Amino acid sequence: MGKINKSKAKKSKKDEDGPMFDFVEEEVTEDFPEEDEEEEIPKKEKEKLKLKKKKTKSKLAATKNKDDFKHLPKNERGKALKKALKKDKRARQEERQKIRDELGGSAPQKEVPKTIESTREYDATMVNEDDDEVEHDEANDEFSSYFKRETSPKVMITMSPKSKLTTWKFCYELQKCIPNAEIYSRKNVLLKKIIEQAKEREFTDLLIVHEDRKKPTGIILCHLPEGPTAYFKINSLTFTQDLKKFGESTSHFPEIILNNFNTRLGHNIARMLACLFPHDPKFTGRRVVTFHNQRDYIFFRHHRYEFKKEGEKAALLELGPRFTLRLKWLQKGTFDAKWGEFEWVLKRHEMETSRRRFFL
């Protein structure tokens, strides 16, 4: 017998039994993209991916090292390295900005830099926006009459007994910044008597500049007539004449900027500082007084601004003085060394256990 072809036998069986699956033909109504559109979409995506990769490479680009400046003398290497690093940083920033402009709306969001302030520990006294409890407390506190514009500030400035020239100079510098401020020599009068005299003369605030080793080292700020009283330590004091470029202040009422006071204590201190200055600033003078809180250090700056290029840019001229305040304690009511009730006291070894813990 002859050999039978297996493939032919299988085909014959399939033909006899019929197809195993029944297929139903349907009309396809989907609109497929044309050949040109199919090619354009991947090209755009590829270009975007290339730009994004280029942006990440610019971030990770190598910078200059100390070894690149070995040919220079040792006393010049540090300055040369700083200049080179600044130049590299600017070049990388400009390159990233160009890529961001090319990407447009599809550009990735800017990353928030991780700093000590942005990673601060959570505080239960942090104030949120539109907090009804905080608004109620602030509407009925000791400073409410000022913010309701029922009283205008009148400040008395004095100093510790037998103060030296630098302390007097600092008092005159404060008088230039604060409108409606008057300086009085303290002599040997007790603070309680000075507070009573200030109340009789209808002063709203009292500033006492403390001196140590012939230099001003602290300020007691007492809000009248009911308090509270705060003590600040003075750091990094620079007088107007010691600045590189400075201008002369005018008699116009300044604008007040209170920045980064986030807790209940910070709000209280910020309101206390705001009460030193009149309500309505005179914008014709273009004076600005800034209290900027950073890591519980309050930076004081006094500037005059000027618009340039049809309001696109603003130039600043510092009027001085320049100093930093550090809150040490806050007391309820007016100053009382024996029986005063302290609302908050800075205990460094107990409270400053973490670098990321702040109170203002």
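Numbers run from 1 along the shown chain.
Note: Cβ is positioned from N, Cα and C throughout, glycine not excepted.
For 1-12 (among others), the entry in TrEMBL reads compositional bias 'Basic residues'.
Marked as compositional bias 'Acidic residues' by TrEMBL: 23-40.
The compositional bias 'Basic residues' feature in TrEMBL is assigned to 49-58 (among others).
When the compositional bias 'Basic and acidic residues' (64-79) is classified with DSSP, helix, strand and coil residues number 10 helix, 0 strand, 6 coil. Per TrEMBL, the feature compositional bias 'Basic and acidic residues' maps to 64-79 (among others).
Tertiary neighbourhood of the compositional bias 'Basic residues' (80-90): same-chain residues 61, 63-66, 68-69, 72, selected by CB-CB distance under 8 Å and a gap of 6+ residues from either end. Per TrEMBL, the feature compositional bias 'Basic residues' maps to 80-90 (among others).
Annotated compositional bias 'Basic and acidic residues' per TrEMBL: 91-103 (among others), in sequence order.
Residues or ranges marked as domain 'Brix' in TrEMBL: 153-336.
Among the features that TrEMBL reports, region 'Disordered' is placed at 1-115.
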With DSSP as the reference, give the number of residues of the compositional bias 'Basic residues' (80-90) in helix, strand and coil.
11 helix, 0 strand, 0 coil
Under the DSSP assignment, what numbers of helix, strand and coil residues are found in the compositional bias 'Basic and acidic residues' (91-103)?
13 helix, 0 strand, 0 coil
